Amino acid sequence: MAKLRVGIIFGGQSAEHEVSLQSAKNIVETIDENKFEVVLFGIDKEGQWHINNKLNYLIYGENETYIALNKSNKHIAIIPGRKHDQFIQIDMLEQLVQLDVIFPIVHGTLGEDGNLQGLLRMANLPFVGSTVLGSAVSMDKDIAKRLLRDADLEVTPSITLTRINRENFSYDQIITYLGSSLFVKPANQGSSVGVSKVINRISFDQALALAFCFDDKVLVESAINGRELECAVLGNHDPQASLCGEIVLSDNFYSYEKKYLNEHGAVVVVPAAISKEVSNNIQKIAVRAFQALNCTGMARVDVFLTTNNKVLVNEVNTSPGFTSISMYPKLWQASGISYPALITRLIELAIERYYAEQKKISHRDIYNKIDTGSA
């Protein structure tokens with residue numbers, strides 16, 4: 001049986017560029033080479049695309065602090081709408097390899113917010129993860145909360161501020177509604193980029209200034225007194241939930257540094273030490289959240305478990321990390337799906353969704369096949 005050619009897209013222009021490099025490195029090292037041939041596409045911080053060699057696509061690949069994309073490789077462009085040969089080498093105008101499926105592992109803005117997904121959809125390529133809509137609404141924490149509330153799911157209490165309306169809410173008004181212990185975060189960032197813990201007016205002003213550096217929309221949320229749990233979801237029309245995992249913090253904030261740079265910043269417990277009843281409830285909520293946001297393929301659902309066992313949905317991440325310490329693959333490993341098998345299943349789901357979409361008839365076909373009753 002011929003191998004499927006998988007294009008792994010990584011890097012990107014967001015603040016999570018280095019996290020994406022780590023994720024790509026793990027996927028490349030773990031993917032089943034008996035089934036798949038890997039083609040590497042690195043996006044540098046200026047937004048240029050490079051086709052990379054598996055032997056030298058990273059610089060300082062073993063150093064999580066200094067890891068970087070090798071930008072000396074060929075620049076490429078993508079041609080939307082073609083059935084095959086969508087990628088060309090810019091300087092030679094040569095068509096590159098034909099791909100069977102794309103595994104995008106670009107985190108953050110322009111990577112998991114629907115932009116890259118739209119480009120791949122226009123290029124007529126199957127790709128792993130959610131479609132344009134699911135990616136976009138999940139990335140925007142404000143929109144995601146609205147949809148989750150509409151689906152009768154409880155979320156962390158919050159107020160959304162923009163550059164236009166920020167003066168309409170005073171600090172005193174906000175703490176009256178949300179309490180004095182707060183988190184401030186950009187609406188469209190991940191990996192805790194731009195997130196601050198707030199305990200007073202001074203730290204609130206500083207947190208807002210930082211968050212608005214990353215986005216034009218900012219969420220101010222109540223700091224929840226509870227446990228931070230995560231559940232992985234996998235599937236398309238019949239999604240399944242993994243066992244739950246818990247983030248046990250050395251203090252009360254799971255920052256970017258604790259997630260990726262400080263191995264002592266947090267302890268990941270998989271499976272979480274919770275009752276079967278609570279675990280089942282979180283799994284059901286995770287699947288409902290996945291479906292409410294129109295997700296497909298994969299997502300990691302982050303929740304808070306309060307002292308009275310109330311479950312509050314915090315975030316839904318449609319492009320979870322695949323680094324050596326990332327929760328998504330760990331949760332599935334604990335649930336009986338190995339890392340290579342997980343990658344294989346995600347690729348299968350991408351192709352499954354692609355061919356299901358190809359079967360949809362066009363609007364012209366509808367009018368040809370349906371008698372509208374018009375004269």
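Glycine too: its Cβ is placed from the backbone N, Cα and C atoms.
The ATP binding site annotation in Swiss-Prot covers 175-230. Around Ser196 (ATP binding site), a 10 Å sphere centred on its CB holds 19 further CB atoms from the protein chains shown. In the three-state DSSP scheme, Ser196 (ATP binding site) falls into the strand class.
Within 10 Å of the Cβ of Glu315 (Mg(2+) 1 binding site) there are 21 other Cβ atoms, across all protein chains. Annotation note: Glu315 (Mg(2+) 1 binding site) sits in a strand segment as assigned by DSSP. Summarising the annotation, Swiss-Prot assigns Mg(2+) 1 binding site to Asp302, Glu315 and lists sequence analysis as the type of evidence.
In sequence order, Glu112, Ser138, Gly190, Ala299, Arg300, Val301, Asp302 constitute the residues six or more apart from Asn317 (Mg(2+) 2 binding site) in its chain with CB-CB distances below 8 Å. Under the heading Mg(2+) 2 binding site, Swiss-Prot lists Glu315, Asn317.
The domain 'ATP-grasp' annotation in Swiss-Prot covers 145-348 and rests on sequence analysis.
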Pairwise CA distance, Lys217 (ATP binding site) versus Glu315 (Mg(2+) 1 binding site), rounded so that it is a whole Å: 16
Rounded mean pLDDT for the residues that make up the domain 'ATP-grasp' (145-348): 92
Sparsest Cβ surroundings (other CB atoms within 10 Å) among the binding-site residues Ile175, Leu182, Asp302: Ile175
Gln189 (ATP binding site): secondary structure state under DSSP, collapsed to three categories: coil
Cα-Cα distance linking Glu315 (Mg(2+) 1 binding site) and Gln189 (ATP binding site), given in Å to the nearest integer: 11
Packing count at Ile224 (ATP binding site) (other Cβ atoms within 10 Å of its Cβ): 19
Separation of alpha carbons, Glu315 (Mg(2+) 1 binding site) and Leu210 (ATP binding site) (Å): 20
